[in-house]
Amino acid sequence: MASAGTEEIEEPPGSEDEELVSESEQEAEEPAGGAAGAYAAATSTADADAAGAGKQPSSRPASRGTEASDETGSETDFTALHHEAAVAAKAKPAKPAREGAAPPPALTEAALAASPWVDLAHPVTLYEGTKLVLMAPVVLLKLLVLAVAVPYAWAVLALLLLGHKPQTAMAPFRAFLVQQWIHQWGRFLLFVAGFYWIPIRGWANMQAAENERTVLVFNHPSYVDAAVMATFFTPSGVSKAGVASIPFIGLFGMALQLFFIERRGSGDRINKHVLRGDAVQAIAERAVDRRFPLLAIAPEATTKAQPCLLKFRRGAFSAGQPVCPVLLRYRYRHFNPGWGIGFTPFHVYRLMAQFVNHLEIEVLPPYHPSEEERRDWALYAENVRRLMGKRLGQPLVDQGIGEERQLWRAGATVNWRGTRVLLPPRKPKAD
């Protein structure tokens with residue numbers, strides 16, 4: 001989460017990362033046929049029309065003082081175009097999303113170097129190492145500021161939540177105060193982390209998302225994403241059971257009225273805040289309940305180090321509710337904020353030692369599933385994934401959280417410099 005918003009959305013001049021590259025220069029797969037294909041085509045056509053007419057995005061603050069810009073662009077009704085295409089959607093993707101993990105690949109350094117959770121392209125070079133040393137006093141100052149700010153933020157939030165029962169709707173005035181506090185404190189935190197300018201495109205689509213009670217679905221490259229979504233959207237969401245027991249973080253989760261669920265095979269511990277009963281049914285009911293904030297779900301269910309989209313899980317799609325895709329684009333040259341199986345504390349240090357970190361947010365129009373997509377959550381999820389991949393310019397990979405867990409269990413990691421994959425020594429076979 002992060003600091004008070006600024007009105008300007010221009011990039012800072014003269015930063016050392018002035019020449020930036022996108023998260024990925026690879027071309028994503030084409031969207032699936034039918035609904036998703038027509039939707040993506042309509043969006044791209046409208047963008048092209050706007051560019052051809054010489055129109056520029058208008059700059060105005062989003063609600064709650066966020067720095068945002070709404071594209072005036074074309075007057076094309078994306079929702080109507082998509083609805084017409086969705087009714088006629090027939091084709092299924094060749095590889096629908098699956099929840100299970102594929103058989104474990106051969107654990108060799110060469111094979112793991114291409115894993116979505118390994119990034120060897122942004123190691124600690126001489127330049128980066130020098131920067132980490134020179135920025136050490138700045139990072140120390142940031143940590144001292146956070147050492148004071150975090151307990152203060154927690155104390156205020158605890159006071160605002162006094163008497164509130166978990167998993168119940170907040171009174172409107174309490175909800176307003178909690179959301180404002182999370183937004184302001186979250187923007188401060190992001191500012192301390194080096195995210196000084198965060199432009200938002202397509203904010204006008206949030207009004208339609210609110211009116212239609214859509215589920216916000218976002219790509220999940222980094223551990224920073226949770227703070228970003230909480231700061232600018234203050235949504236409800238779904239988190240693993242163990243988060244509720246983490247000091248400070250658990251309270252912020254309760255303030256956002258998250259669902260805490262036990263993930264199979266994760267070792268999460270049950271506590272008093274964990275949702276009992278059918279999680280899918282509970283999510284479907286919460287999604288349409290106007291007493292609560294919009295639900296936000298990362299269908300990949302985990303972060304990754306490579307710019308790609310992992311397999312989507314069913315949570316956001318099984319109820320057949322419309323979804324509103326939110327795209328997070330981190331732009332970088334020397335340090336990748338995406339996180340895989342590297343050493344976490346050092347990765348956080350590198351993040352805070354950057355002169356500036358760059359993030360852009362784009363909110364797409366709500367996606368209305370066709371009747372076929374409502375009946376088949378895998379088709380629905382895959383079509384949305386293809387749409388998001390096309391818009392982000394990122395490839396789709398047939399791996400997910402199950403494969404990531406296999407890497408952790410196997411003890412695979414990356415050395416601190418980020419130059420090679422490390423594997424535990426093989427145990428000799430018993431005679």
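Keep in mind that glycine also has a Cβ here, set from the backbone N, Cα and C atoms.
Taken straight from TrEMBL:
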COMPBIAS  7-30  compositional bias 'Acidic residues'
COMPBIAS  31-54  compositional bias 'Low complexity'
DOMAIN    214-331  domain 'Phospholipid/glycerol acyltransferase'
REGION    1-74  region 'Disordered'
TRANSMEM  139-162  transmembrane segment
TRANSMEM  182-204  transmembrane segment
TRANSMEM  216-235  transmembrane segment
TRANSMEM  241-261  transmembrane segment
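Scored by C-beta pairs under 8 angstroms, the transmembrane segment (182-204) has its highest count with 216-235, from the stretches 139-162, 216-235, 241-261. Per-residue pLDDT, averaged over the domain 'Phospholipid/glycerol acyltransferase' (214-331), rounds to 84. Applying DSSP to the domain 'Phospholipid/glycerol acyltransferase' (214-331) sorts its residues as follows: 30 helix, 26 strand, 62 coil.
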